[in-house]
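To keep things clear, I will list the structure first and then write my remarks on it.
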Amino acid sequence: MLQQSEPGGHPPPAVLRRSRAEDLPAIATVDGRGFGFHYRDEDIEAFRPLFEPDRFLLAEDDGRIVGVTGSFPFDVTLPGGATLPAPGVTWVSVAVTHRRRGILRALMEEQHRGFVTDGSAVSLLTASEGSIYGRFGYGITTLHRSVEITRRRATFRPGTPDPGGVREIDTTEARQLFPEIHRRWVATVPGALSRSDTWWDNVLLDREWQRNGGTALFHLVHADGYASYRIDQGERTCRVVDMVTVTEEAHAALWRVLLAMDLLETVTVWSHPLDDPLQYLLTDPRQVRTTGIRDGMWARVLDVPAALSARRYAAEVDVVLDVHDPFLDRGGRFRLRGGPDGAECVRVDVGGPTVSVEVAALGQLLFGGERATTLARAGLLATEDETALHSVDLAFQAECLPQHGTGF
Ligand SMILES: CC(C)(COP(=O)(O)OP(=O)(O)OC[C@H]1O[C@@H](n2cnc3c(N)ncnc32)[C@H](O)[C@@H]1OP(=O)(O)O)[C@@H](O)C(=O)NCCC(=O)NCCS
């Protein structure tokens, strides 16, 4: 329940209810005010196909919506290739007139209780501020970097493949070809999120306000990859906004085209994987300049046995994890036995080498985005058994760094 107001303090608390289809314009007003912009009517209607009213929870005060949280249905890939259905928390905002009196906490409690009831093993979000979601059990799962490349100085190393096979296509053809390539990419990358048909329609709507002074999207496709970009004529820049490659041939082929655009000075990528090999295809790796590193997706484990037994492990591991979850009380002691071929995880009372871990840190470990030894140095994971720590450290590493690939 929402906290009660103190005598002489805040107005009465808000009440929570599920949203209805007709709430969307009012929800957009709360969200727009929260983030500091006005939604136009056509933007609200463009969002409607993605809006599933019963996935949105509202806080109302005196009949007026003063708080919102929603979720999108995704499938997320785990290390080893299995997927889990996972709600992606979104549209979180509380009216500026009603902040810091527990409305977000009440919305989060109700929403996450619903996720547990629905049987979700993990929930996901992207955060506007880094200090909000740790208390709700979320830990940073993907990092990405923005890069800038001065095109004329970016020379491919002799021996870098030049496979060709890239075509320029329009948005209609992109809509036909990209989803299948994206599905293949999602299957191989831990943390990657599925995109539904509705999501693809929305991505490729390419609304004016998303362009930030750039052109409408241009698209390149290869049999095993694609890139969507816009040109900023003023800055003489190509801005890559969405790119996935399933093979190294597609990666080299698309980058050769992106770096071949005469008349442009720079190519920028907002969300470049930390372990992308592009810089090593060039004679001067420094030409892929990192201009920022940001957290991307955060994850929260809701069902420890279901989440941990679904992934694969880089090395054999047999350990008891003592999970600490003050927000939802989904923690306890769990024995994990796993390896490259499979895993099982069950609740136990006692036994075995034990590693204590905050539930937020478990979300980080789950996708292989952070090493157990790093989390231990930060005090988010603890053990008196160095061998157990080493074993967890090795086992939870993933085949590549996690990427989520879809903002939400
Ligand atoms: C972030 C936001 C939703 C918080 O709503 P709220 O109703 O004021 O939050 P609550 O009062 O329920 O606070 C819950 C807890 O989070 C903390 N908290 C809330 N907002 C915080 C912030 N911006 N930074 C750090 N801590 C915050 C509170 O101190 C409180 O801590 P506690 O319960 O552990 O003591 C609201 O400030 C907002 O709408 N901001 C603008 C939009 C935004 O950033 N949304 C998040 C999108 S990811």
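Backbone N, Cα and C atoms are what each Cβ position is placed from, and that goes for glycine too.
According to TrEMBL, the feature region 'Disordered' maps to 1-20. If you look up TrEMBL, you'll see 14-163 marked as domain 'N-acetyltransferase'. What TrEMBL lists as acetyl-CoA binding site is V92, S93, V94, R100, R101, G102, I103, L104, R105, S128, E129. Feature annotation from TrEMBL assigns active site, proton acceptor to F408.
Where TrEMBL records a feature, it is marked here on the structure.
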{"residue": "V92", "record": "acetyl-CoA binding site", "Cβ contacts under 8 Å, 6 or more apart": "V68, T69, G70, L104, L107, L125, S128"}
{"residue": "V94", "record": "acetyl-CoA binding site", "Cβ contacts under 8 Å, 6 or more apart": "V30, G34, A59, V66, G67, V68, I103, L104, L107"}
{"residue": "R105", "record": "acetyl-CoA binding site", "Cβ contacts under 8 Å, 6 or more apart": "none"}
{"residue": "E129", "record": "acetyl-CoA binding site", "Cβ contacts under 8 Å, 6 or more apart": "none"}
{"residue": "F408", "record": "active site, proton acceptor", "Cβ contacts under 8 Å, 6 or more apart": "F72, F74, G88, T90, T126, L193"}
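The helix, strand and coil residue counts that DSSP assigns across the domain 'N-acetyltransferase' (14-163) are 52 helix, 51 strand, 47 coil. Cβ crowding, taken as the number of other Cβ atoms within 10 Å, peaks at I103 among the binding-site residues R101, I103.
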